[in-house]
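Working notes, structure below.
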Amino acid sequence: MEFITQNQAITSLSMINTDIDQPKASLRSRFLLHLIICLLFFVPPCSSQAWDGVVITQADYQGLQAVKQELIDPRGFLRSWNGSGFSACSGGWAGIKCAQGQVIVIQLPWKSLGGRISEKIGQLQALRKLSLHDNNLGGSIPMSLGLIPNLRGVQLFNNRLTGSIPASLGVSHFLQTLDLSNNLLSEIIPPNLADSSKLLRLNLSFNSLSGQIPVSLSRSSSLQFLALDHNNLSGPILDTWGSKSLNLRVLSLDHNSLSGPFPFSLCNLTQLQDFSFSHNRIRGTLPSELSKLTKLRKMDISGNSVSGHIPETLGNISSLIHLDLSQNKLTGEIPISISDLESLNFFNVSYNNLSGPVPTLLSQKFNSSSFVGNSLLCGYSVSTPCPTLPSPSPEKERKPSHRNLSTKDIILIASGALLIVMLILVCVLCCLLRKKANETKAKGGEAGPGAVAAKTEKGGEAEAGGETGGKLVHFDGPMAFTADDLLCATAEIMGKSTYGTVYKATLEDGSQVAVKRLREKITKSQKEFENEINVLGRIRHPNLLALRAYYLGPKGEKLVVFDYMSRGSLATFLHARGPDVHINWPTRMSLIKGMARGLFYLHTHANIIHGNLTSSNVLLDENITAKISDYGLSRLMTAAAGSSVIATAGALGYRAPELSKLKKANTKTDVYSLGVIILELLTGKSPSEALNGVDLPQWVATAVKEEWTNEVFDLELLNDVNTMGDEILNTLKLALHCVDATPSTRPEAQQVMTQLGEIRPEETTATTSEPLIDVPEASASTSQ
């Protein structure tokens with residue numbers, strides 16, 4: 001069929017009309033007239049894309065054919081690019097969108113396309129967006145691409161493009177997004193690349209670019225996101241930030257060969273939220289003016305030669321979540337003001353020259369790996385106690401002291417002595433109680449006030465009476481510990497929540513359990529409590545944290561006992577790990593599947609709605625198996641306490657939008673929370689962080705719509721050889737389905753489980769040959 005352009009079609013109509021006006025018009029001419037009219041006006045589009053009724057121009061048709069000719073299409077996505085091009089603008093050609101007969105969008109990501117991008121793409125003069133990311137494209141970027149006048153977005157990341165970045169791209173005055181990350185590009189960054197006054201996002205990370213950072217990048221008035229990390233850039237970091245670049249929010253320059261002093265002008269970027277200079281050769285000191293960055297969430301300068309003291313003013317940046325100052329030459333003490341940063345969930349000052357005691361709150365919140373490598377630093381672990389005050393020298397001892405003790409000194413000494421005496425009495429009392437309990441057990445069932453084991457109505461084993469006067473009920477066979485053992489165990493606070501306080505209890509034999517002490521004023525009456533908890537105690541599933549026992553004290557106290565999970569919570573595992581700990585895709589998918597299986601069991605077999613599913617309530621065992629915790633605890637609480645839990649979940653970003661009106665959780669609200677956790681695993685971002693004022697699901701949905709896929713996924717996933725593009729993309733689609741604003745359109749947990757099995761069949765979910773690297777043991781946390 002011969003190619004038909006818009007003008008040719010109109011000319012044909014005019015000629016046929018002339019023929020019809022003649023008295024002897026042939027039947028064939030009339031037939032052709034009706035046929036062309038039907039083709040042009042009455043044939044519906046081939047897809048859901050709206051068609052404006054205009055046929056593609058000849059220049060654009062030829063340009064697309066040239067582009068197709070130089071591409072390798074192993075999966076046949078471009079088979080539709082054939083024939084006359086008549087259907088190119090009506091939705092018949094894959095990945096093509098038009099306006100008035102001209103191509104405005106080419107969108108073909110994740111299609112396994114190879115070959116190269118043709119220089120004739122420059123014929124598409126109306127092109128606004130080119131999205132060919134996550135393919136296998138090689139060759140150089142066409143220079144003609146930068147000469148397209150209305151070009152607004154170029155996404156070519158995750159390919160094999162080589163050569164230099166065309167300087168012509170700096171001529172595109174309407175260019176808003178340029179993402180060429182994760183390719184094989186080399187040579188220098190064109191000095192004029194940021195000349196566009198519309199440029200918002202520039203990502204050139206993970207290439208082999210060399211030379212210095214162009215000054216124009218630090219003076220762009222529109223730029224909000226700049227990523228140049230993982231290249232071979234050298235020279236100093238520019239100290240010209242802030243004169244015009246006041247809108248910059250993200251600045252990533254890590255893993256280069258940049259040198260020179262720390263740029264003080266960085267403090268002028270008052271909108272900055274995230275900056276990373278790690279693994280360069282930066283020296284000098286940190287300015288106290290960093291406190292002007294009031295919106296800063298992440299600061300990473302690890303692996304440099306920065307010296308001097310840590311500024312006390314860093315403690316004024318209340319938004320700070322991630323602070324990494326490790327592997328530098330910092331001296332002095334850690335400012336106590338940093339302890340005031342309530343949002344801080346990652347802190348690392350290891351391998352510096354710091355000295356003095358670690359602030360108590362920091363040593364309790366972060367493990368020893370955050371402080372090691374500082375020989376003069378103390379107080380961050382049992383093995384690094386701070387030295388006591390030195391005893392006076394012999395010369396001073398010979399001098400008589402005539403100083404009288406003040407009243408304050410006498411009170412302090414007396415209080416200390418009294419405290420020591422009380423501690424000794426408590427220890428003696430515990431030993432006596434334990435000894436008496438053991439003697440009672442040795443009598444083999446004699447009547448008396450000792451502990452007596454009895455089967456409960458629900459099949460658990462109860463220890464009633466005893467020296468504690470309380471009641472301990474075990475759900476799994478013989479009692480592993482007595483009430484006295486539990487109450488005398490060494491306890492370490494792990495977290496607090498609406499339900500109560502969680503402790504890690506170390507028993508006398510060295511075994512560990514997690515104990516949650518429920519708040520007394522929010523629990524149901526004892527009879528209702530026992531009825532509900534005896535049901536929960538029978539629930540067993542590989543992906544649910546088992547309730548092992550509970551204790552009812554003589555004064556109304558209620559303790560519930562669970563298995564202790566040494567890996568901690570998923571939230572800690574994902575957001576508070578060290579820089580050398582990587583979580584590969586098979587591990588993340590295994591966690592997602594485990595959560596889905598656990599939630600399915602709760603909904604279908606146990607008939608329980610969780611109501612407060614968060615990554616803090618998903619715990620990990622030694623094998624990094626996901627175990628959902630805190631399920632069913634709402635049944636033990638009053639209605640008012642349940643509402644409080646829902647409100648807390650909403651503040652953390654896991655609450656389904658309809659709960660603001662319903663006030664009662666259901667299976668669809670649980671699936672929404674599961675979807676948020678899946679997004680958390682895919683993006684590496686915490687839902688508790690506000691992302692430009694929107695929650696995590698909204699941010700992801702917007703990014704996907706704008707084709708910013710490279711910014712959605714955790715960078716570790718994009719660089720992981722185990723990652724399958726189709727798998728993470730389909731998992732992202734499923735997660736967005738789970739967090740749909742309309743509850744009726746969300747899947748049930750069973751459907752989620754089924755779809756995950758289709759995305760990654762079970763036989764491929766085992767841990768791959770690339771294991772987790774140096775994953776440290778974390779304290780278990782069930783903060784929610």
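Any Cβ shown, glycine's included, is placed from N, Cα and C.
Here Swiss-Prot flags 1-48 as signal peptide, drawing on sequence analysis.
The DSSP breakdown of the repeat 'LRR 1' (126-148), given as helix, strand and coil counts, is 5 helix, 4 strand, 14 coil. Residues or ranges marked as repeat 'LRR 1' in Swiss-Prot: 126-148.
The repeat 'LRR 4' annotation in Swiss-Prot covers 198-220. Across all of the repeat 'LRR 4' (198-220), the predicted model scores a mean pLDDT of 91.
For 271-294, the entry in Swiss-Prot reads repeat 'LRR 7'. Taking Cβ pairs closer than 8 Å, the repeat 'LRR 7' (271-294) reaches residues 229, 237, 246-262, 264, 300-314, 316-319, 324, 579 in its own chain, all 6 or more past its ends.
The domain 'Protein kinase' annotation in Swiss-Prot covers 488-773, and the record cites sequence analysis as its basis.
Same-chain neighbours of the repeat 'LRR 1' (126-148): 60, 71-72, 99-100, 102-120, 154-172, 179-180, 185, 707, 709-710, 725, counting only residues six or more beyond its ends whose CB sits under 8 Å from a CB of the stretch.
Remark: secondary structure over the repeat 'LRR 7' (271-294) totals 5 helix, 7 strand, 12 coil, with classes taken from DSSP.
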